[in-house]
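Q: Pulled these from Swiss-Prot:
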type	residues	note
ACT_SITE	K78	active site, schiff-base intermediate with D-ribose 5-phosphate
BINDING	D21, G150, G211, G232, S233	D-ribose 5-phosphate binding site
BINDING	R162	D-glyceraldehyde 3-phosphate binding site
Amino acid sequence: MSDINIKIGLAEMLKGGVIMDVVNAEQAEIAQQAGAVAVMALERVPADIRKDGGIARMSDPKLIKEIMSVVSIPVMAKARIGHFVEAQILESLGVDFIDESEVLTPADELNHIDKDSFKVPFVCGCTNLGEALRRIGEGAALIRTKGEAGTGNIVEAVRQLRQVNKDINYIKNADKSELMAIAKNLQAPYDLVTYVHKNGKLPVPNFSAGGVATPADAALMMQLGAESVFVGSGIFKSA
């Protein structure tokens with residue numbers, strides 16, 4: 001049902017830019033005018049989700065449609081981890097990317113969405129290479145760090161990106177005979193570990209998110225190897 005290469009190609013088009021969290025159509029227009037490569041449609045930014053507590057779900061379809069109607073750049077929206085019906089709703093709305101997001105309250109603590117069964121590309125978060133490769137194995141077309149969304153604190157995003165890069169470098173320089181053991185240790189698909197060994201990078205774009213609060217933070221992540229950054233509530237909330 002899906003062609004992963006087409007999905008990855010769509011994700012590649014977002015490289016070298018900023019993806020901005022927006023909570024209404026006006027913010028979406030401002031983000032587009034300011035040069036954002038995409039917007040993330042949200043009812044509440046992560047900082048407010050943290051502050052308010054309670055259950056965080058997919059955004060109201062009405063809000064997503066309003067945002068889609070005023071911008072020409074890609075529109076992303078978040079679904080809860082494992083909530084494939086929220087993802088089906090988002091796909092039917094015509095969003096350009098779905099972020100299966102840990103910022104929302106998980107619907108399934110054991111299983112992620114089977115992303116290959118959708119035509120729309122998925123974004124997924126990771127804290128290390130094993131997690132990244134498992135999500136790619138499920139059909140993710142774009143990987144990002146999880147960081148600490150809504151805090152304005154960049155430290156976790158930096159740690160995670162450095163860890164992914166370190167793990168990639170280790171696999172790239174490993175002997176071919178070690179790859180099966182590495183795959184088992186990472187709990188990752190063997191073919192994806194082999195890809196990393198041969199190419200020295202993930203098979204999908206590698207972005208950064210979670211606590212990116214200033215232009216300097218965004219530049220830091222890019223210079224550490226992130227191919228784009230998700231700039232969220234941190235940029236408004238950071239003191």
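Note: Cβ is positioned from N, Cα and C throughout, glycine not excepted.
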Q: Counting only other Cβ atoms and using a 10 Å cut-off, which of the binding-site residues G150, G211, G232 scores lowest?
A: G150
Q: Take the Cβ of R162 (D-glyceraldehyde 3-phosphate binding site) and count every other Cβ within 10 Å, whichever protein chain it belongs to.
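A: There are 13 of them.
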Q: May I ask for the distance between G150 (D-ribose 5-phosphate binding site) and K78 (active site, schiff-base intermediate with D-ribose 5-phosphate), taken between their Cα atoms and rounded to an integer number of Å?
A: 15
Q: Taking only the Cα atoms, work out how far G211 (D-ribose 5-phosphate binding site) lies from the residue listed as 'D-glyceraldehyde 3-phosphate binding site', in Å, as a whole number.
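A: For G211 (D-ribose 5-phosphate binding site) versus the residue listed as 'D-glyceraldehyde 3-phosphate binding site', the Cα atoms are 15 Å apart.
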Q: According to DSSP, does D21 (D-ribose 5-phosphate binding site) fall in a helix, a strand, or coil?
A: strand
Q: Taking the Cβ of K78 (active site, schiff-base intermediate with D-ribose 5-phosphate) as centre, how many other Cβ atoms lie within 10 Å?
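A: Taking all protein chains shown, K78 (active site, schiff-base intermediate with D-ribose 5-phosphate) has 28 Cβ neighbours within 10 Å.
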Q: What is the nearest of the binding-site residues D21, R162, G232 to K78 (active site, schiff-base intermediate with D-ribose 5-phosphate), using the Cα of each?
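A: Nearest candidate: D21.
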Q: Just to verify a number: CA distance, D21 (D-ribose 5-phosphate binding site) to R162 (D-glyceraldehyde 3-phosphate binding site), in angstrom, no decimals.
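A: Pair distance, Cα basis, whole Å: 24 Å.
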Q: Please classify the secondary structure at G150 (D-ribose 5-phosphate binding site) using three-state DSSP.
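A: Reduced to three states, the DSSP call for G150 (D-ribose 5-phosphate binding site) is coil.
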Q: Once the DSSP letters are reduced so that anything not helix or strand counts as coil, what is K78 (active site, schiff-base intermediate with D-ribose 5-phosphate)?
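A: DSSP call for K78 (active site, schiff-base intermediate with D-ribose 5-phosphate): strand.
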Q: What does DSSP call the residue listed as 'D-glyceraldehyde 3-phosphate binding site' in the simple three-state scheme?
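A: In three-state terms, the residue listed as 'D-glyceraldehyde 3-phosphate binding site' counts as helix.
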Q: How big is the Cα-to-Cα gap, in Å, between G232 (D-ribose 5-phosphate binding site) and R162 (D-glyceraldehyde 3-phosphate binding site)?
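A: G232 (D-ribose 5-phosphate binding site) to R162 (D-glyceraldehyde 3-phosphate binding site), Cα-Cα distance: 21 Å.
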